[in-house]
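Lifted from TrEMBL, the feature list:
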type	residues	note
ACT_SITE	167	active site
BINDING	166, 170, 176	Zn(2+) binding site
DOMAIN	76-267	domain 'Peptidase M12A'
């Protein structure tokens, strides 16, 4: 028996059926170790006698049964609609008193909490739970997914924290990385170095499976290079030079993304991010109340971080704010939740002080439009055109482009069967592009096409029409590294944000179009904790999260119906370039004239979206450009729960009163 403190096997190799969550009666070879059927080194199939008896029953009945449509394994992880995932991502557990160094369990659970939305809670009367027990042998093991009732996670005395995380990942529904059907492209198995009789531990899952993310050498679920070696020589050799396999230090970014996607039906998706090459400190604060967001804005402003992008959504009776921060200096300002008149006045006032609107978010609240904006230092011309029909917006895009202005931010709202467009213009030169109202497939294709022509996505907007996500993007000149990660769960975006940040990419735009945060999920004993911003280590500030407001939930239109768009990581001389994400399976196909509108350089703007009606619209002002007609539906404003109406904002130059009526004034520095 190999002594590696994690895996085990024996020469007593039998053929049985791996059954349960995600895969029904799949024929596999397993080893019998101490009366337990062990598959793939550490996957517990149950007592060997029961596994053998069940295999005989299946053979007598005619062999392997067909898997149900909701129990198809997808690569190394269970599908999001599997009934064998832990409900709401909550895993009740107990720890045997005889398990030595029990703090290892605490550390492993803390690691999972810090890197996923999964929550382990002490078992009370839960019917389904895991029990951590001591294994006096040198190996550890776990079943795959929630098996029902009590299920054991066996932990050897020498197992470190990382091995326990590995076994917990099995219990959550994840197989070994090198079991993937595509593994032979990424690793070579040296069967000559494997102990005789142990070859079955290198079998693959192949038929009908797909994977959430690209092959990950750094996965905590990967075998080490000398697993089951008979001579100390490698049994697994990566085809890529210079990589290490088999680490047990902690979850990789793709491990985290796999868990996030598996459990997305409980958390929802709808988070989208755009990255560009960058350096210096950076931060992200999401899903915050105004008080929390305002405080963080002030705190990070004092540390020379500047808000560059804002996203606002309604949760219950209040607005929740998210923002992207990057290193910067100089004047800056923020004005949120304002009526059009209040917003326009502030836009004109701050323009005279050398500030330019850099990012705009428009939110529909009842029958009212509410405007939020971010201002940064700037000179030269500028433009703002809001609440416009597509024809009006496209015409303004072309007109102002001829005057040396470039669209830098776009916002779309679909209300009453009509899509209304708003945008921000600043001085610019060179090529530019706009692709609007597109399906994911159309948008992805345009993103790739224009990237090859030296354009980079700088801003994305996602809105829904008839339950389908529609993508709109602004493209400006660039040859730097870039990345797009779309329509993913929050934990997936967080993992990608941290991963890309370490690779020299900075988030420049963040969108969230999912459902409001749910207050009804059963998370008793498992609050969604706020992770503290790590200390600045020279690589950048990593402040993330916001209010612990619960877990976003999926809408019926998105739950369990995702078509994966393969993540693209094409390296070029400029750096990383890629995209990925998960689009609704019912997204409209790419058809000419209806799927996407826009063009390059204002010369070929394409056809207007088919759903658009010829509605007069557009209100805005810009430098010497006269404003259009005023918005007709800005209402009286809404309160934010504190008696504040008609906009609230902050600036770094003196006190700013809150709205035109000077109610609830804020004196902010």
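Any Cβ shown, glycine's included, is placed from N, Cα and C.
The structure displayed is predicted, hence computed values, not measured ones.
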Residue 167 (active site): tally of other CB atoms within 10 A of its CB: 25
Neighbour count (Cβ, 10 Å) for residue 166 (Zn(2+) binding site): 25
Conformational class of residue 170 (Zn(2+) binding site) under the three-state DSSP mapping: helix
Those binding-site residues listed as 170, 176, and which of them has the most Cβ atoms within 10 Å of its own Cβ: 176
